[in-house]
Amino acid sequence: MPSQSRSRDRYRGRDTEYTRRRYPDEHDYSHDDHDYDYDDDDDDNDDLEQDVTERRYRRDGYRRPRGESRARAYYERDAAAAAAHDEELLAEERERRRAGASGSPRKSGQHRERDRDRERDREAQSRRRTYEDDGRHRTRDGRRERRREGGGEGGRRERRRGESRRGEAARKHQSSDSTNSASHLLSADALARLGSQYEKEDRRERAHAKDAAKAERKRRKKRAVVGEQERGLRAEKPRDRSRARVASGAYMEEGRGPEMEFRRRGGGGPPMDARWPKGGGWGGSVDGGDAGRPFWKQKKWLIGIGVVILILVIVIPVAVVVSKKHNDKPNATTTQPDGTTPSNSNLDGLSPDSIPGYAKGTFLDPWTWYDTNDFNVTFTNETVGGLSLMGLNSTWDDSARPNDNVPPLNKPFPYGKQPIRGVNLGGWLSLEPFITPSFFQSYSALSGVIDEYTLTQKLGSTAGARLEKHYATFITEQDFADIRDAGLDHVRIQYSYWAVTTYDGDPYVAKTSWRYLLRAIEYCRKYGLRVKLDPHGIPGSQNGWNHSGRQGAIGWLNGTDGELNRKRSLEVHDQVSKFFAQDRYKNVVTIYGLVNEPLMLSLSVEDVLNWTVEATKLVQKNGITAYIALHDGFLNLSKWKSILKTRPDNMLLDTHQYTIFNTGQIVLNHTARVNLICNDWSAMIKEVNSTSGFGPTICGEWSQADTDCAQYLNNVGRGTRWEGTFSLTDSTQYCPTADSGPRCSCANANADPSAYSADYKKFLQTYAEAQMSAFETGQGWFYWTWRTESAAQWSYRTAWKGGFMPQKAYSPSFKCGDTVPDFGSLPEYY
């Protein structure tokens, strides 16, 4: 008889047929065509597989339904049935022997053939039972498998039985007894045929097993291969549990199965895919620490796929929007005015997950900021006065001073004894078309883009990115260092109400400029510069000019919403004053402005003054100890001798003086202009600054511009007085040579400063220094403005670097009282 291979697939087909035949009512025929993960091995680690399945069934703790009981139940039933069948065969054999004892040993061919068939059936049945009993329980019980292999007592009993049968056959062969002789002849013939048949079947089964294994490797279906399934029995799966993958065969034998190598969560080693090939029918994994428990379950796969799809549905549109947003922002290579690029290195090592969900994508989320340099990017939702502290450090140092002539920040500035020498940051946090014409040049007159309101309305969703780039790049830390180096000691910083809040219908970019305002103050602190806060845009517009945010009607204290906007403006000051009343600002924010240039020539003077007193009391009640600045409203300064004689303490009057918006002054020649400043303005400022006048007075705005030629200075699309294009109905030129000629032109005034003649530079510096001298008879001055894109005569920075401004503001070359220098051959028409 052929040796019994340990390959489980060798008799798999007959095992299935045997089960069908023996248990026709209990076998589930719908699962005969099983898909197997098979490797033809001769030395499976069946103990391991037994452990896997046994642990799994003990863990699950369930009962099997009829027809699908555990293998051990099959074994007990098989043994009983086999015993009954053997009894039938023995009884039949005894009857046959009794019948044959009285007959001739030579029987007819028909009888011999029938006996041979019976003998063949009996031998085949015995052989099937031997293999069936062996195969069914080899996986389920490792000890029984070892006995079958001959290593245990059971194996020795099997060998003794085999030897006993062979001995009995030999005795029959040697006996002359007719019964024995007949039996022997039949058994030998049957065994010879059976041997030949089995060898053929073995070859067919091996070929079949090889083909089946090859086909199965292609399918790679995720089916569990447990003991019963390997022999054609359907393995019961507990309800609501998915099958685990159990690998067997050569992979397991070589230690390459998942139980042998599986990277756990937090464990080391290569990824699962690198350890376990996806070929050969593999389609999953097993957790080696809990054999039989699935790592990937079918339901989890479906849920996972659904989650991935959902994430893609969310992420792709967001990525498109973010990509569009970043296209509107400069990339990492965009240079700032000083040639540097925006720095976001302080985000390194931090996670966007540190930002709460409610703050993601808002002005509180530093991952949405264009520039995080010198901001504290640690998240906080803390507020003071309802205004965010996000971006601020918790410590500060007030020991700096801008120069030796000025006390450090932690020492009081001697207002009234030492003049303010400062500069404005106009056109930065509150746009002004002539300072940054690039925002407006690309639009036609028909577009109606004339101010920040219409600009942000036109920009729509891209306004935030566009303006934040401007906030981050137009004024940088280097500017504050330069302001200090220029000998200046104060900075007047403009902001508008939308830095604090916005209202329904507002297109303005809300709150972003607030962060840059706070950073600017910290830069001022670093370089010892004191700050004057100045709200340029008030709800409703206080003057109807473009730098108030919206050009047109005045809606503050005036018109249908005048009272509403009055209330709103006080609410803004309530918040802002509470914020800047913090100790950290007491030494650096030393002047607190109420409103820039309220047009009291159009507004009720009484209404403006009443609001001014109420606002002053409000902010002082909230803790502001700084000087409170109010603008003169374009009233004649002499009138302020009798205005607000009884007022709150610590108030300053702010006046803005220009020679180019007055048609009687713009026509003066160069020398006459300097004389006007030193003779008239100086006396005017000195008078209003006295106790007989209003009292402490500063000049919050002035420039060295001697023409109104700067682009958009007189509003977007408006001409100039200098060239006679200001009015659509009047072409009169207002310039020194208007009557005598030649005709005045803006070409020279708007030329690049490098083209300025030495005489023109000399005039511009003398003109500037004369104004400094005049305004220092009061509390001091703030030049308008520090930087422009193209209007050189309005940029202190350009003039300082271009050589037509004193290198140190506190050390001018000219003072009122000095002889006005000769400007040589400088033409009067520019």
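Here the Cβ of each residue, glycine as well, is placed from N, Cα and C on the backbone.
If you check Swiss-Prot, you get these features:
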ACT_SITE  Glu597  active site, proton donor
ACT_SITE  Glu701  active site, nucleophile
COMPBIAS  1-34  compositional bias 'Basic and acidic residues'
COMPBIAS  35-51  compositional bias 'Acidic residues'
COMPBIAS  52-98  compositional bias 'Basic and acidic residues'
COMPBIAS  110-175  compositional bias 'Basic and acidic residues'
COMPBIAS  181-194  compositional bias 'Low complexity'
COMPBIAS  198-215  compositional bias 'Basic and acidic residues'
COMPBIAS  228-243  compositional bias 'Basic and acidic residues'
COMPBIAS  253-264  compositional bias 'Basic and acidic residues'
COMPBIAS  330-348  compositional bias 'Polar residues'
CARBOHYD  Asn331  N-linked glycosylation site
CARBOHYD  Asn376  N-linked glycosylation site
CARBOHYD  Asn381  N-linked glycosylation site
CARBOHYD  Asn393  N-linked glycosylation site
CARBOHYD  Asn546  N-linked glycosylation site
CARBOHYD  Asn558  N-linked glycosylation site
CARBOHYD  Asn610  N-linked glycosylation site
CARBOHYD  Asn636  N-linked glycosylation site
CARBOHYD  Asn669  N-linked glycosylation site
CARBOHYD  Asn689  N-linked glycosylation site
REGION    1-279  region 'Disordered'
REGION    327-351  region 'Disordered'
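Structural mapping of features recorded in Swiss-Prot.
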residue: Asn376; record: N-linked glycosylation site; Cβ within 10 Å: 16
residue: Asn393; record: N-linked glycosylation site; Cβ within 10 Å: 12
residue: Asn546; record: N-linked glycosylation site; Cβ within 10 Å: 24
residue: Asn558; record: N-linked glycosylation site; Cβ within 10 Å: 21
residue: Glu597; record: active site, proton donor; Cβ within 10 Å: 20
residue: Asn610; record: N-linked glycosylation site; Cβ within 10 Å: 13
residue: Asn636; record: N-linked glycosylation site; Cβ within 10 Å: 9
residue: Asn669; record: N-linked glycosylation site; Cβ within 10 Å: 16
residue: Asn689; record: N-linked glycosylation site; Cβ within 10 Å: 23
residue: Glu701; record: active site, nucleophile; Cβ within 10 Å: 22
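For the pair formed by Asn610 (N-linked glycosylation site) and Asn381 (N-linked glycosylation site), distance between Cα atoms is given as 36 Å, rounded to the nearest Å. Here Asn636 (N-linked glycosylation site) is positioned 16 angstrom away from Glu701 (active site, nucleophile), judged by their C-alpha atoms. Of Asn546, Asn558, Glu597, Asn636, Asn689, all annotated as recorded positions, the residue with the shortest Cα distance to Asn669 (N-linked glycosylation site) is Asn636. In terms of Cα spacing, the glycosylation sites Asn376, Asn558, Asn636 that come within 10 Å of Asn393 (N-linked glycosylation site) are Asn376. Across the structure, Asn376 (N-linked glycosylation site) and Asn546 (N-linked glycosylation site) place their CA atoms 34 angstrom apart. Looking at Asn636 (N-linked glycosylation site) and Asn381 (N-linked glycosylation site), their Cα atoms lie 47 Å from each other.
With respect to their backbone Cα atoms, Asn381 (N-linked glycosylation site) and Asn546 (N-linked glycosylation site) stand 34 Å from each other. The shortest Cα-Cα distance from Asn546 (N-linked glycosylation site) to any of the recorded positions (Asn558, Glu597, Asn689) is found for Glu597. A Cα-Cα distance of 15 Å separates Asn558 (N-linked glycosylation site) from Glu597 (active site, proton donor). Under the three-state DSSP scheme, Asn669 (N-linked glycosylation site) falls in the coil class. In this structure the alpha carbons, written CA, of Asn689 (N-linked glycosylation site) and the residue listed as 'active site, proton donor' are 19 Å apart.
Its Cβ placed at the centre, Asn381 (N-linked glycosylation site) has 11 other Cβ atoms within 10 Å.
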